[in-house]
Amino acid sequence: MEQGMDYWLGQIQQKDVGKRLQVGPDLIEYLLDRQKSIDLEQDQTLLDRMVDGLATSWVNSSNYKVALLGMDILSALVTRLQDRFRTQIGTVLPSLMDRLGDAKDSVRDQDQNLLIKIMEQASNPQYMWERMFSGFKHKNFRTREGVCLCLIATLNVYGANSLTLSKIVPHICNLLGDPNSQVRDAAINCLVEIYRHVGERVRADLSKKGLPQSRLNVIFTKFDEVQKSGTMILSTTDKNFDDEDSVDGNRPSSASSSASSKAPQTARRGVSLGTGRRPGTSSAAPKTGGTAKEGAGALDEEDFIRAFEDAPTVQIYSSRDLEESLNKIREILSDDKHDWEQRISALKKIRSLLLAGAAEYDNFFQQLRLLDGAFKLSAKDLRSQVVREACITLGHLSSVLGNKFDHGAEAVMPTVFNLVPNSTKIMATSGVVTIRLIIRHTHVPRLIPIITSNCTSKSVAVRRRCYEFLDLLLQEWQTHSLERHVSVLAETIKKGIHDADSEARIVARKCYWGFHGHFSKEAEQLFHALESSYQKALQSHLKNSDSIVSLPQSDRSSSSSQESLNRPLSAKRSPTGSTVSRATSKSTTGSLQRSRSDIDVNAAATSKTKAASGASTAPFSSVAALPPGSYASLGRIRTRRQSSGSTTSTASTPADTRGRSRAKVVSQSQPGSRSSSPGKLLGSSYGGIATGPQRVPQMPSEKRSKIPRSQGCSRETSPSRTVLDRFGISQPGRIPSAMRVLSSSTDLEAAVADALLLGDSRNKMKPVRRRYEPYGMYSDDDANSDASSACSERSYSSKNGGIPHYLRQTEDVAEVLNHCASSNWSERKEGLVGLQNLLKSQRLLSRVELKRLCEIFTRMFADPHSKRVFSMFLETLVDFVIIHKDDLQDWLFILLTQLLKKMGADLLGSVQAKVQKALDVTRDSFPFDQQFNILMRFIVDQTQTPNLKVKVAILKYIESLARQMDPTDFVNSSETRLAVSRIITWTTEPKSSDVRKAAQVVLISLFELNTPEFTMLLGALPKTFQDGATKLLHNHLKNSSNSSMGSPSNTIGRTPSRHSSSRASPLTSPTNCSHGGLSPSMLDYDTENLNSDEIYSSLRGVTEAIEKFSFRSQVDLNEPVRRDGKKESEMGSCDAGMASPASDLRGGTDMVEGGRMALDNKTSLLNTQPPRAFTGPRGREYNPYAYSDSINSYDKTALKEAVFDDDMDQLRDVPIDHSDLVADLLKELSNHNERVEERKGALCELLKITREDNLAVWEEHFKTILLLLLETLGDKDHAIRALALRVLREILRNQPARFKNYAELTIMKTLEAHKDSHKEVVRAAEEAASTLAGSIHPEQCIKVLCPIIQTADYPINLAAIKMQTKVIERISKESLHQILPDIIPGLLQGYDNTESSVRKASVFCLVAVYSVIGEELKPYLAQLTGSKMKLLNLYIKRAQTTNSNSSSSSDVSTHS
């Protein structure tokens, strides 16, 4: 009877030793016979149980014969299952580790052999050893010894390349101190074996491990003995890193023969690259300078792009789901002890999430920043598979996110650069391709210093690569991205031109011409600074180069040259360091590429010249004789405009190269047709530009001969005929551009009909016409008229040449979307043209198409080609939103936030106008409440850090939204409250008056939109926010009332129209508000039925309501509350406390009469009890939690601000002209860096006023004074800076409580003043800092100072420590205890500072701490060395003797 798995499982589980020994050999025979054990692989559960039984019952048996037999059975299983046994390794490994410590030598040897066999057949050495680290800490000393012996055996079988030895060496070092001598000896032997395979790096590594010198001496002696014995076995990866032949895994000049010599010499099997193909065999056609040249394992950009989508499909259900996925990925990647396959899976999952739309979630970029460390760790991994996947993922992130990947790119770039000299091809080429992809897609100026710093590397290979990267950067990036680092680029290129390596010099000369295209003036200065031999080399490089990228790009468009259009992404460098001329090779192979000159004007120009340049035998012959000043002919061809504002259309391409194989039929113009075209005027005004050398290789003569020449009086004579004519560039022997390719009369008729229809539609709808043309290229009317020649070039072409064929097939949406998603900017632009045509034809997109288009548009917001693609994208976006607005609700958040962010970018004025138009259309297309909620969410999002321009854009948008919203759209939610509180803080933005004004206008607009709801919202905010908003609203209402009394005709109601197109100008600061008339935003305020008395009554209601919600935040708001008429008169003082002293305060008694309802009938909720509730019967309702941020020493001040005096006497004590004086002083102080003497006088006057206790002045002007003073600290004149600090110090003395909300800003600015070069300013800053330390609450002060002490440089850290010392002298012991963990690290860091003054200040501060808390400080000083501790004790004793009245734990809390 034939036994199956069930039978053998029963035999394995039996306990009888005799039967086990009898059954064992039969089981081995069964397992090795595939016919008998055919069911072995069919039932995984039975197999798992069988392996588990063998590991626990047999291998762990106390009978050594059974243990040996168990290992033999496992060995048979490994032989049978091979790779499939890997899943069982975790089951058997613990038992095998235990057996390494068996008392029997035969068991230990058999165990070791089995482990080696598993490494070879079922797994690989690294996989196994990552799971065997626990053996180094095993409780059995024989096991610890056995693990070391097993490592020696592994090295002898597989070599050092198979293991990440850096992870194993620390475990071995720990065993050097093992209590057992056998283990210690085994550990030393292990290190010696590693030294045999790795070499001197082990010696250097051990020196850093902190081992005792005596032990190191023993080990190093053994190393020397091995070296002398001649038994060293060095692997290829361990050669000197400066060896040119082994450094660069991707050298362009390395021959294929050298690649074979560097093949890995490990015995282990090759591991698949993870993409289901072998390297070097993925493409049937050989690549130019491709894999054969790079060597086995090399990768290129094509491999990367294919691998981008080689990731499992995942779905993202929510932002929470995304966050959890990224957290798991970070956890795996941050720990290199995880299985390498898990780490590869984690890296692939990042790509999966990207493909699933992770970038659309708000929290993605915050989580991505947290992955920087994990990416760096993965890129440094010793396993090439992990490095490869890490590099692919980084490249994918860069290509998808573009400039949004700036932080990640900057973080990982140095690590990726370290891969370039790696001798392992797959690692070196992965690093190179990653850097190229990052340079192509992430145009961040901060990357430039990283690249240029590597241009001075000791490694020749790295220098060569860096200059190639620099060349690519100069081709791909726009000029504005490079401007910040012009000098660095120039200096780097200069070093490259002088480089010792000839190939590096060649590439550096190429970089020079790229640099010249961006910064011709600086390039010419660099040229003059070079020796004559180098100047000649530069000129001869330009003359002789076959490269089509050796010249600067037209308008920095890399894609406008043939180099970018025909280049596959994996374009390799030729041995000379230049790119192989692609146009020529393409023509010979017959694979025709689409010309892009129908999109870009400069590409059209080059295509024309390409055909014409064949007549000149030496196109660069005149360059060498040119002086540097004449290089303008080599630079960019710029589009110049006529005074009429129109520019001419571009010519179509020389030949249609869309891959059609049929014969080309060229349509010719008739003689005399349109020879007097109005476009002729354009060319005549642009003379004098000589034909510059072109970047396009000459077209073969057989190609040119197929293009018929225009004869006689044809339009060849028309100056508008070609782009070159229009720009006044002369050319020898021009030929006309080829017409569109038409294969039949049917095609011709269709093309004519389309051309006429397009022309007709453009004449009827002028605005629409622009959407078919690239930004900034508007044709003359003649070009688009119905009367144009049917066969003319312009009849077939839109502004940029031939209409792409899919424009006539509007149904082909997929092709349009594919073009829009292309990585080539010109294809993206072509796609946008097609999309505009689709939208114009009212072709509605399906839900799937909409989703994909939204994803594409999300990426386009970061498109780097602002002149070319982004501008057209904005035009298309407007049409898209108008047509599909009902289906875009889910995409509104991205749309709105991205447009607002773009308003903060440095864009051309015309592009910014298009962004504004897109915002206007968005505002009118979607529900207002939804937009408002999105904006509130965006404002409070902690991951967003909008710059000042973006803040202004957000605020202006909210203001315009509030004008059109219904009152019910404004909802008092927690998100809205947070957003409003942030807007209130923006009203004091120190860096921008625009932000301050815009924030004030928004608060007023929201107040006017829904007064009751906004009042309730304010009541729920902390008191500081309430005060700021209430004061602003009070001033607004007061000014509105004064203005409306002066010009009653201006008092109009709110505009009810939802689509109002009028936009209000920003409101000026309340203190500077004109009283003569209403600002546009004030006009909307509903004052139609209110006279002056009613407005004051309204104000009382508002302020009273705010006070109510402050003191009764826990009481049900709907509970009817009686108004106490006796206390109503107190509200009159609100006006006195908040209004401008210069305001007209007539009718003070009228204000307190009548007890009117607030604003309108909807505000009945605002009838509340007076603000002094906590002194009356309702005191029990006071909620201390709402005032938890108050500090005891400021309770009086807070009370004074919250409760106003009974009458207006306080204000009447202040002369009205006094406030005018302050306003004049502030106006004078705002003249920064001008009128020095006048401002000195103003500061002196302000110094006098600060010494007067004038509450009303400070109530109104404090913020403005403080901001102006802090701004004045950056003045050019040192005397003014010093004077500003003295005024600040005086205010600190007299008004300390007011600095509570500005402590951090004031402290930072004061400390920064210590860096001043003038002693007078530094002295004033020291005095101000000293006063600050005594004026601001100690705990608040220390919280600000601690991070400064830890991060700032000298002398700021010194000033901060001194200031902290003064603060500590006045803090209580209990409070100091709580913040001690924050204080001590910075002081210990200062104790180690290189500046002696910082060390001394740190010691004094520690002494001050000791004087407060005494011996309790000692535990925090454990890391101090003995000498430092002695010094500290010396100072402590000296302080105690100096102040004999104070004990070691004296309490100075009374000062606080």
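Easy rule for this one: first residue shown is 1, then count along the chain.
The backbone N, Cα and C atoms fix where each Cβ goes, and this holds for glycine too.
Helix first, then strand, then coil: DSSP counts for the repeat 'HEAT 1' (68-87) stand at 20 helix, 0 strand, 0 coil. As annotated by Swiss-Prot, repeat 'HEAT 1' applies to 68-87, with the evidence given as sequence analysis.
Here the repeat 'HEAT 2' (88-124) has, by DSSP, the following mix of helix, strand and coil residues: 29 helix, 0 strand, 8 coil. Under the heading repeat 'HEAT 2', Swiss-Prot lists 88-124.
Model confidence over the repeat 'HEAT 3' (163-200) stands at 89, taken as the mean pLDDT rounded to a whole number. Taken from Swiss-Prot, the feature repeat 'HEAT 3' covers 163-200, and the record attributes it to sequence analysis.
According to Swiss-Prot, the region 'Disordered' annotation covers 237-296 (among others).
Look at Swiss-Prot and you will find 284-296 (among others) tagged as compositional bias 'Low complexity'.
Per-class residue totals from DSSP over the repeat 'HEAT 4' (442-479), listed helix then strand then coil: 26 helix, 0 strand, 12 coil. Under the heading repeat 'HEAT 4', Swiss-Prot lists 442-479.
Taken from Swiss-Prot, the feature region 'Disordered' covers 547-728 (among others).
Look at Swiss-Prot and you will find 550-569 (among others) tagged as compositional bias 'Low complexity'.
Summarising the annotation, Swiss-Prot assigns compositional bias 'Polar residues' to 573-594 (among others).
What Swiss-Prot records for 603-618 (among others) is compositional bias 'Low complexity'.
Summarising the annotation, Swiss-Prot assigns compositional bias 'Low complexity' to 642-656 (among others).
The compositional bias 'Low complexity' annotation in Swiss-Prot covers 665-679 (among others).
Look at Swiss-Prot and you will find 711-721 (among others) tagged as compositional bias 'Polar residues'.
Summarising the annotation, Swiss-Prot assigns region 'Disordered' to 776-796 (among others).
The annotation compositional bias 'Low complexity' is assigned in Swiss-Prot to 785-796 (among others).
Per Swiss-Prot, the feature repeat 'HEAT 5' maps to 930-967; the stated evidence is sequence analysis.
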Per DSSP, the repeat 'HEAT 7' (1378-1415) contains 34 helix, 0 strand, 4 coil
Beyond a gap of at least 6 residues from its ends, the CB atoms lying under 8 Å from the repeat 'HEAT 2' (88-124) belong to 47-48, 51-52, 54-56, 59-60, 64, 67-68, 71-72, 74-75, 77-79, 81-82, 131-132, 134-135, 138, 140-147, 149-150, 153-154, 157-158, 162, 267-269, 271
